Amino acid sequence: MSILTRWLLIPPVNARLIGRYRDYRRHGASAFSATLGCFWMILAWIFIPLEHPRWQRIRAEHKNLYPHINASRPRPLDPVRYLIQTCWLLIGASRKETPKPRRRAFSGLQNIRGRYHQWMNELPERVSHKTQHLDEKKELGHLSAGARRLILGIIVTFSLILALICVTQPFNPLAQFIFLMLLWGVALIVRRMPGRFSALMLIVLSLTVSCRYIWWRYTSTLNWDDPVSLVCGLILLFAETYAWIVLVLGYFQVVWPLNRQPVPLPKDMSLWPSVDIFVPTYNEDLNVVKNTIYASLGIDWPKDKLNIWILDDGGREEFRQFAQNVGVKYIARTTHEHAKAGNINNALKYAKGEFVSIFDCDHVPTRSFLQMTMGWFLKEKQLAMMQTPHHFFSPDPFERNLGRFRKTPNEGTLFYGLVQDGNDMWDATFFCGSCAVIRRKPLDEIGGIAVETVTEDAHTSLRLHRRGYTSAYMRIPQAAGLATESLSAHIGQRIRWARGMVQIFRLDNPLTGKGLKFAQRLCYVNAMFHFLSGIPRLIFLTAPLAFLLLHAYIIYAPALMIALFVLPHMIHASLTNSKIQGKYRHSFWSEIYETVLAWYIAPPTLVALINPHKGKFNVTAKGGLVEEEYVDWVISRPYIFLVLLNLVGVAVGIWRYFYGPPTEMLTVVVSMVWVFYNLIVLGGAVAVSVESKQVRRSHRVEMTMPAAIAREDGHLFSCTVQDFSDGGLGIKINGQAQILEGQKVNLLLKRGQQEYVFPTQVARVMGNEVGLKLMPLTTQQHIDFVQCTFARADTWALWQDSYPEDKPLESLLDILKLGFRGYRHLAEFAPSSVKGIFRVLTSLVSWVVSFIPRRPERSETAQPSDQALAQQ
């Protein structure tokens, strides 16, 4: 290149061009790309006045305007990227420069839209005001009970007949399209309306569309003339029927969450009952158990009516000594039958309190736990169990490996934030094994904690409900614990839950037997069906391959009719669940959770259905470390197999599109879209299997609370605690303070009206943000520190409301990014024998994505550049 430029260009220009070429090479560009980049630069200088001030402003804003194009490392097709991005920017700039009449028209539309949203927001209050008289007087109150039942029966009968006609009426494609547009229009109108009416209306619309779909599938889409198509079609129909049943039961379960609030306790503390607190442990480290015991010691309850027990199934001397030192009771069994359930039942022989509260050994209760829960027991004598959420202050494997901790609701948020609240409406709250209070009398009547299944908690609540006792759920977190540290441990825990729920289904089926109300039966069945999702999920992940590889018509219908039935079913279900579950489960994330677990829960649930007594109990490990980032190849092996299988389907689909019958082209396209969606979800599952580093033994909890620090010379400075752990704190000093790294200071924290002092050492200083390391504490100081931090009554209450609102399209984009991230990890960590395949695939996707225009990264100087760009 230097010889050619020396011959064509004058020395100063040649030297500058050679310098630019070397700069490109230094930043990683290939020789070809660097040479081509220099050539494009020469053409730009010839045809574009780059020295003009407007072009200079654009060049200064290059990173903001062209964020995906690296000016220091050119690529061969960068001019195409510049052209696409420039057109994108010009379209955006022209929108801002619209003529005044258009701007006024647009403003008018915005005004109409704003008034519509305001009207929708005010509608529930208006309806409530107009119908207030109905709350004071029943319209049919003058009729006898029999007449009212007759009228209600007639209304229900006619409603069912109309629903049946609506579901079963056959439509041609045009009529089906018009019908769907009407329903979709209604859904768009009511979805922004606050209150429960809009959710109920969306449920009705979703059920209408989904029931029409499942009716159409059973009556019009099976190919009875082709055995292969029939078998594959029936397998898919089985999975879809399962999904439809779970959808219907799920709507029923959460249609009206109760949102129970605390009941005040009597002022006379002599009326407060006695409570035993059980903390069962088996193989956990003492450091995991200490915080739970320390927090239990600080629970606001009369000390003469509170007994704390360590139930040590490991029989360890250090635990017995610890219990003696802090003044709690200790029980160790000589035999270990029935695992945790047997451990608790053994302790029930010694505890004599009127109530028993159970905490897993890593669940730290707040000081207000009993005061928030016990009032309901005094109000309702038939109440046997009160459950509170399982809240976790450490990230679970999904949150940690994907970097989503406190950014996206975790896997358990839906159950503890919404499902249990919905169960409470139907008096079907499940006992979850921890963070709960149980009345001793009903517990003794059923023989203690159930031992026949490995999910003793749910089985115990089922037995209590069969006896006619009630249960309750309070959504306010009153304890927090450690999430599982690795994906393998997380999957092991879910396997146990899945097998246990299927065992209950076989051994004590809630659909049969006495004592349960109809609504309770449905709630229990839905919980058990949830854990049978493994096989249906695997079917969905492989179903389109039946057509691409086996030429089996799994849905024997024209592609247009498939689109007119399948897409509305999926869209309405997604829209409705986003409205109902948005705070607790973002759209499309259920696909990731179920895909990760599907392969592993399918075999044990199938075995439990056949032989419910087969299997063993496993204990979930807590408090471990992940010292290096790595791919769990054992766990991810099934996902990789499914990825490869779907890639084969893609290859065959491409061949069939170009060389297959023209009449099948649209069906091939539909199947390929399904395969690509499955590949995205499987890529997300692979991304979860990449274990991120976890090198902290003490997890940091982000929380703001006032504090103060005192230097050794007596100077006192106010500060705000930003995060804390069992080993230290992060604080922000209010104002100026001379704090040096390594300096010893005292930290002052308040609990109620009492102030506590803790010795610390400054570990780091960054401006007014300071990291403090706790110095060795006495036992009493450690108890006080836990009660001032982890056990504060307000520590966890606001976490559930901190998640952003669900936006389905943004959530879909997150899943797309997550899937691509999984394949990048495969390319990075894969063995050399297959690394090349994934590198080629990820490079190909990255290359295609690099041409997509980006939204400019705004800065204060970006606006003039946009205007300059529009004027060129």
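Using N, Cα and C of the backbone, Cβ positions are placed for all residues, glycine too.
According to Swiss-Prot, the protein carries these features:
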| type | residues | note |
| --- | --- | --- |
| TRANSMEM | 30-50 | transmembrane segment |
| TRANSMEM | 151-171 | transmembrane segment |
| TRANSMEM | 173-193 | transmembrane segment |
| TRANSMEM | 230-250 | transmembrane segment |
| REGION | 271-364 | region 'Catalytic subdomain A' |
| ACT_SITE | ASP313 | active site |
| BINDING | ASP360, ASP362 | substrate binding site |
| REGION | 441-501 | region 'Catalytic subdomain B' |
| ACT_SITE | ASP457 | active site |
| TRANSMEM | 525-545 | transmembrane segment |
| TRANSMEM | 547-567 | transmembrane segment |
| TRANSMEM | 592-612 | transmembrane segment |
| TRANSMEM | 640-660 | transmembrane segment |
| TRANSMEM | 668-688 | transmembrane segment |
| DOMAIN | 694-790 | domain 'PilZ' |
| TRANSMEM | 833-853 | transmembrane segment |
Are the transmembrane segment (173-193) and the transmembrane segment (547-567) close enough to be called in contact, which here means at least 3 C-beta pairs under 8 A that are separated by 6 or more residues?
yes
Is the transmembrane segment (547-567) close to the transmembrane segment (230-250), in the sense of at least 3 CB pairs under 8 angstroms with a sequence gap of 6 or more?
yes
Give the helix, strand or coil assignment DSSP yields for ASP360 (substrate binding site).
coil
The answer for the transmembrane segment (640-660), taking Cβ pairs under 8 Å and residues 6+ beyond its ends, is 541-542, 544-545, 548-549, 668-669, 671-672, 675-676, 678-679, 682-683, 686, 826
Of ASP313, ASP360, ASP362, which is closest to ASP457 (active site) if I measure between C-alpha atoms? They're all recorded positions.
ASP360
Expressed in Å to no decimal places, the gap between the Cα atoms of ASP362 (substrate binding site) and ASP313 (active site) is 15
Compute the C-alpha separation of ASP313 (active site) from ASP360 (substrate binding site), stating it in Å without decimals.
13
Need a quick answer: max count of Cβ pairs under 8 Å to the transmembrane segment (547-567), which of 30-50, 592-612, 668-688 is it?
668-688
Positions whose Cβ lies under 8 angstroms from the transmembrane segment (668-688), at least six residues beyond its ends:
397-398, 401-402, 487, 540-545, 547-548, 559, 562-563, 591-592, 595-596, 636, 639-640, 642-643, 646-647, 649-650, 653-654, 656-657, 660, 815-816, 818-823, 825-826
Based on Cβ atoms within 10 Å, give me the single least packed residue among the recorded positions ASP313, ASP362, ASP457.
ASP313
Roughly where does the region 'Catalytic subdomain B' (441-501) sit in mean pLDDT, to the nearest integer?
92
